[in-house]
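Peer 1: According to TrEMBL:
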type: REPEAT; residues: 42-126; note: repeat 'Solcar'
type: REPEAT; residues: 140-223; note: repeat 'Solcar'
type: REPEAT; residues: 240-318; note: repeat 'Solcar'
type: TRANSMEM; residues: 242-263; note: transmembrane segment
type: TRANSMEM; residues: 294-312; note: transmembrane segment
Amino acid sequence: MRDAGGYRARQARSAGPLHGRPWAAGAAAAEGEQSYEYGSAKYLLLCGLGGMLSCGLTHTAIVPLDLVKCRMQVDPGKYKGIVSGFGVTVRDDGLRGLARGWAPTLLGYSLQGLCKFGLYEVFKIQYAELLGPEKAYEWRTSLYLGASASAEFFADVALAPMEAVKVRMQTQPGFARTLRAAAPRMYGEEGLRAFYKGVAPLWMRQIPYTMMKFACFERTVEALYKYVVPKPQRQCTKAEQLAVTFVAGYIAGVFCAAVSHPADSVVSVLNKEKGSTTFGVLHRLGFAGVWKGLFARIVMIGTLTALQWFIYDSVKVYFKLPRPPVAQAPPSGKRQE
């Protein structure tokens, strides 16, 4: 959501460009709207909190679908599709088996969301200030891509250990049923390498995914307000703006799933098997193999991404954080057109 609120305090001190969003012309706040200064430490920490809630809660909620998707990737002979995969899982493990891996999922993706969304805001501010108002607007897609890639690099380091534990629990029969049992066993068998051997494939999967997630979302929001929503953004209610956020998030999620799915298949197999390597897994799976479970991932990631943006912007609404409007050309840029 990008509503026109939250810049009153900074504008009162400076008539210059808005900190971190120099192209956000006309971001005048209504009386009593702002609780935190845009770009301040408290603002960024609350953005991180929003990311933690959005990623941790949504990923945990879809653990059953994620479990079936991972098993389709590593054992396609047994788990032939989404519906049959659920049936096989319930038959073998009972209904409780569908929740296997929820604890590492909650912990790992909460840490990832903290870094992903919080650092995205940090890098977006820093890169925009380096570029200046006109270039930040003109190159805003590249800015979104660069800021999200930088944030995800660190977010994956935070995610990797719990992602490895989750996949091992979900895909290796009889390995462990709980985080308390799985993590010590992995450390005892392989040492720290067990938790970080998947970080490179995670970068392969998550960095393109996050670049698409943020850049596609930002530009889709622009397009929706420009071509679809029948009134200016500033006249939309909070509920209407959150609806735009959800739709833009789902559209971004579909593209995210397609871009990141081959690497996701590699991560699933790599974390299941001891001693496996990225290139070895790629060679064994082949072109067709890396696309197994794509439909399940599209359903999962589309819904996931939409809910994440919805929760993230809801947190901003709750804390009355400044949320600049959709990108607008700075005055100097408009004069040159």
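Note that Cβ sites are derived from N, Cα and C of the backbone, with glycine treated the same way.
Predicted automatically and left uncurated, TrEMBL annotations should be read as such.
The shown structure was predicted, so the numbers you read here are calculated from the model rather than taken from an experiment.
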Peer 1: Per DSSP, what is the residue tally for the repeat 'Solcar' (140-223) in helix, strand and coil?
Peer 2: 73 helix, 0 strand, 11 coil
Peer 1: Per DSSP, how many helix, strand and coil residues does the repeat 'Solcar' (42-126) have?
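Peer 2: For the repeat 'Solcar' (42-126), the helix, strand and coil counts are 74 helix, 0 strand, 11 coil.
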Peer 1: Give the mean pLDDT for the repeat 'Solcar' (140-223) on the 0 to 100 scale.
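Peer 2: For the repeat 'Solcar' (140-223), the model's average pLDDT rounds to 92.
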Peer 1: Per DSSP, what is the residue tally for the repeat 'Solcar' (240-318) in helix, strand and coil?
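Peer 2: With helix first, then strand, then coil, the repeat 'Solcar' (240-318) has 70 helix, 0 strand, 9 coil.
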